[in-house]
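What Swiss-Prot records for this protein:
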{"type": "ACT_SITE", "residues": "Unk15", "note": "active site"}
{"type": "SITE", "residues": "Lys18", "note": "site 'Important for catalytic activity'"}
{"type": "BINDING", "residues": "Lys18, Thr45, Ala46, Asp47, Asp65, Asp88, Gly135, His136, Thr137", "note": "ATP binding site"}
{"type": "BINDING", "residues": "Asp48, Asp88, Asp223", "note": "Mg(2+) binding site"}
Amino acid sequence: MEAVKLTQLVSCAGUAAKMSPETLAQVLRYLPEINDPNALVGTNTADDAAVYRISDEQAIVLTVDYFTPVVDDPYYFGVIAAANSLSDIYAMGAKPLFALNVVGFPKKLPPEILATILKGGADKAREAGIPVLGGHTVDDAEPKYGMVVCGLVHPDKIVKNHPPHPGDSLILTKPLGIGVLTTGMKRGIVPENTAKKVMEVMETLNDKAAEVMVEVGVSAATDITGFGLLGHLKEMLQEEFGAEIYLTKIPAIEGAWEFAGMRVFPGGAKNNLNYLLPHLDFAGEFAEEEKLFLADPQTSGGLLMAVSQEKKEELVKKLQQKGVLAAEIGIITGNKGKIVVKR
């Protein structure tokens, strides 16, 4: 099979290809109000997945996530896309049951490439303990792949992205820098060892982090993907709460700051930052690349959890025991709708 650089076939890679939050907000406001009492989570809080109660003991959790290639290797594109799709289920505190493939694929590419992508997705689903039961394919000018994932959760144990509580600590379970580094990889300027580290972060499931999150109990949680750390934090806060985050406490993939300094950002970073600026207060002097880094779109990023001070130590300890990063990056405040960024 002839080597094809998948990232060269697309204008925007991975979760950086998401529609801008501003445009999405304009579109979603036209959707009708949901009045079904069994619809426990819908579009109103921009949460990670839909949740529908089917009994007093069970609710279905359903998500769909797909994107353009974030790496050139077809197999690892499949692996990363599947991990990213599963993440929404984990972020809700649910257990995945099965998945369906969602595929857009150009006619000009050999079908063996698609078969390899699907194998990557199936292997990652197998690691998560679920089968892939089918899917849907369309001809497309740019390759796209992802999954619909169905999970289950007790209706009383859903972990939502809102509301957190003032005084909660913010815990992040993966380092940032995926968007800037994958953009550099697309341009061919990222060293092989750095690219390998990015791939390892993206292909890691959030299952262990979710297990601890459910066991300990948190106020709110979400996964960090296309809207960046600041964007998904703002969804957690909405207009009711605020947050303080500390730049020096935010973990980054080795090499990420170097490429941030070169302004190797996907377009989505600027879109995210511009949308959020009215809600941001940078306490002191911050370089543009530092601001963009916090809005950098992540593909298969970590979980962001708001946890009470009483449970924080237990959460961090148990995450670390599972080999999961547990970086305390900030705190929830009562400063409505404002994110204060400090050093």
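Glycine is no exception: its Cβ is also placed from the backbone N, Cα and C atoms.
Reduced to three states, the DSSP call for Asp88 (Mg(2+) binding site) is helix.
One way to see the shell of the Mg(2+) site is to take the Cβ centroid of Asp48, Asp88, Asp223; the remaining same-chain residues with a Cβ within 8 Å of it are Asp47, Ala49, Thr63, Ser87, Ile89, Tyr90, Ala91, Met92, Thr222, Thr225. For Gly135 (ATP binding site), the same-chain residues that are 6 or more apart in sequence and have a Cβ closer than 8 Å to its Cβ are Leu100, Asn101, Val102, Val103, Met147. Same-chain residues at least 6 positions away in sequence with a Cβ under 8 Å from that of Asp223 (Mg(2+) binding site) are, in sequence order, Asp48, Ser87, Asp88, Tyr90, Ala91, Asn206, His232, Gly301, Gly302, Leu303, Leu304. Counting only residues at least six positions away in the same chain, the Cβ atoms of Ala81, Asn84, Ser85, Ser87, Asp88, Gly146, Met147, Val149 sit under 8 Å from the Cβ of Asp65 (ATP binding site).
The DSSP secondary structure for Ala46 (ATP binding site) is coil.
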